Every structure is written in structure tokens, then in C-alpha cells.
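Sequence annotations record features per position, and here TrEMBL assigns Mg(2+) binding site to A:ASP73, A:ASP75, A:ASP77. If you look up TrEMBL, you'll see A:CYS74, A:CYS91, A:CYS98 marked as Zn(2+) binding site. Summarising the annotation, TrEMBL assigns domain 'Phosphoribosyl-AMP cyclohydrolase' to A:26-100.
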There are 2 protein chains.
Amino acid sequence: MNGPNFEKYELIPVIAQDDETGVVLMLAYMNEVAYQETLSTKRVCYYSRSRQKLWRKGEESGNVQELKSIYFDCDADTILVKVVQVGGAACHEGYQSCFFRKIDPESKSVSVEGERVFDPSQVYGKK
Amino acid sequence: MNGPNFEKYELIPVIAQDDETGVVLMLAYMNEVAYQETLSTKRVCYYSRSRQKLWRKGEESGNVQELKSIYFDCDADTILVKVVQVGGAACHEGYQSCFFRKIDPESKSVSVEGERVFDPSQVYGKK
């Protein structure tokens, strides 16, 4: 296998992991253009499914992701990027990781884990 | 938000991470039935897109995933499970992680990172 199989899958899910701490930061998607741009710029570029265009992560917030290494899985249908998350927060809600909501398997209640790195209203502006 | 949004998404991608080491093991999918079974049994159950049925990970190989904790992301469209991977290998190719193929951004060549934990032909039998 030579890489993720964009011939079979137009969009491939991408797991972003903090290169130093191993914290899983987020999951997003790449099309082949985003993938090639990520390799050539060494800055992570996704494809936004909602906006239907390339999403250069951090373009607005400044919280870019510098690519340290990139992997694909045994089925060639998922990508893993290890990154340096500039600004310390990957999540638009201001948390380091988008996975800050934890579910208790017994009670099914949800609790927040981790603290806000930034206040979203300061970064993105109030509407 | 009370949990992953299965009303909006029939299948939700699930990142499995080793609870102790932080290694990202694999990505698979859950439907709501698989999700509820995972919570109640504390053993990870996926939904296999290719076989179109519940996939109790490790049923065949014995390499079950014991659930340590479970999270969902800010868009409620991705799940993160932290697990103990029994047998040490999540990948059907015998590697700890399914992400054992690394891409060099410059040359785009692929190298294998990590060693086989088991020989797949011994576990699954030769066809």
C-alpha cells in the first residue's frame, strides 16, 4: 500500500494526536487535495464537510497544527497525524481536545474533563 | 449534550486509544446498539460496515478491548474510547496499532513502524 486510498474513499477520517503528550485532539476529514497540501506544507489541512471546502486548521484562530508525522491504517481508510497544536487548544470551544465530554457508563451522565485554554468569544468574536 | 448524536448519524466513528500508553490503536464505527452494548458490558462493541452487523471486537481472536473510559466530541459525531487491549494487538495484521504504516512527507514512501505482536495466520488460520 502506498498511502490512504482516495480512489476508493473521497473523504478519509483523520485523527489528530498531540505529538508530545499523546492526547487525542480531534477527528476531521481530508480529501486528496487536503492530504497533498498537508504533506507539502507540513501544516494540517482538512476538508470541511459542512463548508465543503479546504479547511486550513487555525486559519482563523491562529491555532494551526504543525505536522510531525503521518500514518495510515491497515485498511488505508483512516489517517493519523501527530501534531504540534499551536496555542494549545484544538477545539473551537477552547479546550485542548474536542473530546472533553466524558460519559459515565453506568449513569450515562456527562461530565467535562479539562479546562478551557481560551475563551471562544475572545478568539472568534461575538455574533 | 447528553452523548453522541445517533439521531443525526446512524454510524459514528470511534477512536480506540490504549488507556495506559496513549497509543492510538484503531478507528472503527458504532451504531447506537453497539454503543449501548459497550456501555453496559464495558467491552468495546463496534458495528462492522463491511459485514453490516455488530462486531464484538476480539470475538474471534480473543483480543477484546476492555473499556476504561469513553468520551464524545464537541460536535457529538465522534467517540473516543480508552481501552485495555487484551493480547496487546488491535490490528488484524498482528500489530499493536492499525496505524503502523508511516508516510514520509517528502518522498511519500511508506515504512513500517513497530513489530508484529502475533502472526495473523496462527490466530485466524490459513485460508
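Backbone N, Cα and C atoms are what each Cβ position is placed from, and that goes for glycine too.
Counting other CB atoms no more than 10 Å from each candidate's CB, the binding-site residues A:CYS74, A:CYS91 peak at A:CYS91. Annotated pair A:ASP77 (Mg(2+) binding site) and A:CYS98 (Zn(2+) binding site), C-alpha to C-alpha distance, rounded: 22 Å.
If you take the Cα of A:ASP75 (Mg(2+) binding site) and the Cα of A:CYS98 (Zn(2+) binding site), they are about 25 angstrom apart, rounded to a whole number. Spatially close to A:ASP73 (Mg(2+) binding site) yet at least six residues away along the chain are A:ILE79, A:LEU80, judged by Cβ distances under 8 angstroms.
Secondary structure of the domain 'Phosphoribosyl-AMP cyclohydrolase' (A:26-100) per DSSP (helix as H, G, I; strand as E, B; remaining residues coil): 10 helix, 30 strand, 35 coil. On its own chain, A:CYS98 (Zn(2+) binding site) has A:LEU25, A:MET26, A:LEU27, A:ALA90, A:CYS91 as residues at least 6 apart in sequence with a Cβ closer than 8 Å to its own Cβ. Over the domain 'Phosphoribosyl-AMP cyclohydrolase' (A:26-100) the predicted model carries a mean pLDDT of 96.
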